[in-house]
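One structure, pasted below without further comment.
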């Protein structure tokens, strides 16, 4: 199927496959009405085959051969009418920039060699020129395209596919990957080349020339190595490329440890804080409060929990590291001049569900930044998963593909950053800086106008989608949209761009752009985002099968066009790359207010915690901005290092005499576990049935899983691949397989990212944290208080689900011992942190209770005991200061993180624990909603920040605020009434209460909104809570003056 052939929809279970023609039929070439050249006025002429000479196959603009060749040699090399780059035609010489066209069998004209010289070269047995040309042609053509042996999509029509409804002929070629690697399977996809021999093979002349060529190469190698007979190599014969080769052999990345002057004091303070914490808890346990045992016991339980939580969070940050990448070495190693790029291919996944909550313009910018990435276009394929089967998403993607033909060449011509047009044109910087091209300003202005028109078209589609027709959506050709019922529709695939038709305005190829919507039927579990990502894994394996995959949320665009190259510096490094399962990039965000009121940037986690994990076994997977190794997602174990010598032991102890297992934990043979692939000898040990039970019943997909270096399986026709692609996204494909259990994104939690990374680390893989100077990806964050709390609620609920699942880090993964202990601490902390909301809520209530009752959580302390409290506070602040020192996090970002830890802990985390317990104990499932992505407001950039949206998550923090404020008023009033003696004990209680209020201050500002006016709903809640505590106040009666007089028992007065 060609890129413009149309939408393919089908269901494997129902044996249906239909081809729906797109919105517009392919435009025919312009009719050649005349035979006069529009440039010089001469006749156009004919080709050597007698056909009319056509210079441009796109528009058919009449140009004669001399003008055509002159324009290619001296001019712009573009058609004067449609501006498409002229391709080399048979009989014309090659010019710089031409691609390798395999269907042109025209060597003498291609290299501008006349017949006499060709004959002379054939008769000259010492002339090696033609031999080198033949060799160059052989290597060049073996690196590109598909030959006629594999089928030519433009000439060989495919047989019609019979469906349950109708028979539709499917013709054309599906744009399959040419070579996604350099493994043994890749070569079988290339065109079979018949070189042009200078003489008949097998003759003496051929053998003699081959021997001469071999001798010359051997002598050249010896001279470079300095072993030529007669002494050392001549300095004049020194090869200038040797230093470049030495540089290319260097590591592509290196680990940079934090300076010891920064990290050693930090570790010392951690140890001191641990010691002080032990003495502090010992003192608190041994000194109860007799008249306030419930308050004392509650505070002790909370403080012990906080201590355990701090240990789990702190010690995974013991080995923080930085990393450096060397992009120039990557290019020297895999991108040599004059040779095809050897960089591995990458499949990029973009997931979206609801276009009304995830605006199509946001998704379009993400897709445009992918298509314009700085990476070989034949190595990039973009798959967009539309899990809502929305026609709006489909149409907007079609518009995006058309706009990409203009946007991509503009980005690459002027090397602009970022390559998402919305954010490029909105950035407030000097766009003329470092731009010396004379036409830049003019073309930038024109491109901005083109983008504004593109936005108008997208917004028109969005406006049209607001009113759904009663009969459902109808495509422009009159066909009903297959996804009108979002819960019951066939699988759909549409290729918008690709090698068979995806060219930009300058005639250069564009990366593939594929629309995918998996099949959904009632009664089948779809597993939300994790299921959609697994469907993308399978369909990409069938169509392109790149060895690496990058997944992005629809609102995360590529901010650094070299981001993929940064990841390849780790994944393709010969020394350490084979054990790396994924490269995680930090999340950076646009559109956040300057003070980051609700800690949206999450800098403490991304710049401190993740750096610490990188020094252990690698960072956790955070759901987006991550480049995966495909083999790791298939459940394979990492390659093993050199085996140690076997230890000679007796069989007296069962642990020493165990029989070696034939299969690993995941049921993989040792050949797979050790090498990531299958040995030819051991391949027969695992039957096809076992593979299908693991990966599913698709022969094409199962074959692709055995290809570690990627590439499309050999002998695959476009029709078969198309049918398999529909098959692997069918709703019942995963039944009775390991998908979601051991393969791909793991099911069982709405935070599938944590589970997926955890499974990989348990198998022994390690991950890498990459922080380039320019942020690799940027996204949008919910700056509204209610949206932010709902987002945190979803994360916390996912952690609770993992804690109660069979993959809980407390119990899972001990058998193989591949997960390091500090890494396990981090995963345990990731799953239990929502439970901290219970002690945190109790601890934040204690100050108000103490102020209202006149009691406290600890007895009066001595001077010596006060040293424990002073030392504890100093160690807490010292740890934070030293963390900020080695990480570069500002004090404002650190403080915002502390504040939102309390805000989220007493609201979203608390609700997550309750919902998680209801789901586990009562089976009540809670559906999460997709966080809305804002498109921006031209009138006020932060209008969403001040918008008030009521949610039940606001009730607990509001109650805490009012309770502590009432407590402060009551405590001060009591001290005023009872004299100066009450101020001493009151100071500790007030400090405790103000600690809670200060941490909840951003929440209070969020309630006040822009006008500093409390909303009505909050006023009602405040009055209600105030009434309740007023009744409590009357019961306590703190304002009654307590009489201080003689004891009646002593004076004998009968009162």
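A Cβ is built for glycine as well, from the same backbone N, Cα and C atoms used for every other residue.
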Pick the one from 313, 322, 387 that Swiss-Prot also lists for the UDP-alpha-D-glucose site with 351, 357, 358, 528.
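It is 387, as the record lists it for that site.
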Where does Swiss-Prot put N-linked glycosylation site, among 784, 927, 978, 1012?
927
Is it the case that residue 1006 shares a side of the membrane with residue 370, at least as far as the topological domain names in Swiss-Prot go?
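Each on a different face of the membrane, per the record.
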Can you work out which residues elsewhere in the same chain, 6+ from the ends of the transmembrane segment (832-852), have a Cβ less than 8 Å from its Cβ atoms?
295, 298-299, 301-303, 305-306, 309, 312, 796-797, 799-800, 803, 902, 905-906, 909-910, 912-913, 916, 956, 960, 963-964, 966-968, 970-971, 974, 986, 989-990, 992-993, 995-996, 1029, 1032-1033, 1036, 1038
Out of these binding-site residues, 59, 67, which one has the fewest other C-beta atoms within 10 Å of its own C-beta?
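Taking 59, 67 as the binding-site residues, the minimal 10 Å Cβ count falls on 59.
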Six or more residues out from either end of the transmembrane segment (269-289), which same-chain residues have a Cβ under 8 Å from its Cβ atoms?
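Answer is 295-297, 299-300, 303-304, 307, 310-311, 314-315, 318, 855-859, 865, 868-869, 871-872, 875-876, 878-879, 882.
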Going along the chain, which residues at least six beyond the ends of the transmembrane segment (292-312) come within the CB cut-off of under 8 Å?
274, 277, 281, 284-285, 825-826, 828-829, 832-833, 836, 839-840, 842-843, 846, 849-850, 853, 855-858
Out of 56, 82, 387, 529, the recorded positions in the record, which is closest to residue 37 (Zn(2+) 1 binding site) when you go by Cα distance?
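Result: the closest of the recorded positions to residue 37 (Zn(2+) 1 binding site) is 56.
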Measure from the Cα of residue 59 (Zn(2+) 2 binding site) to the Cα of every one of the binding-site residues 40, 351, 358, 528, 529, then give the nearest.
40
Pull the DSSP breakdown for the zinc finger (37-83) and write it out as helix, strand, coil residue counts.
10 helix, 4 strand, 33 coil
To see if you understand the setup: which same-chain residues, six or more apart in sequence, place their Cβ under 8 Å from that of residue 529 (Mn(2+) binding site)?
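Spatial neighbours, sequence-distant, of residue 529 (Mn(2+) binding site): 351, 353, 387, 745, 752.
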Round to a whole number and give the Cα-to-Cα distance in Å for the pair residue 79 (Zn(2+) 2 binding site) and residue 753 (active site).
49
Nearest to residue 64 (Zn(2+) 1 binding site) in three-dimensional space, by Cα, is which of the binding-site residues 56, 82, 357, 528, 553?
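Checked the binding-site residues 56, 82, 357, 528, 553; minimum Cα distance to residue 64 (Zn(2+) 1 binding site) goes to 56.
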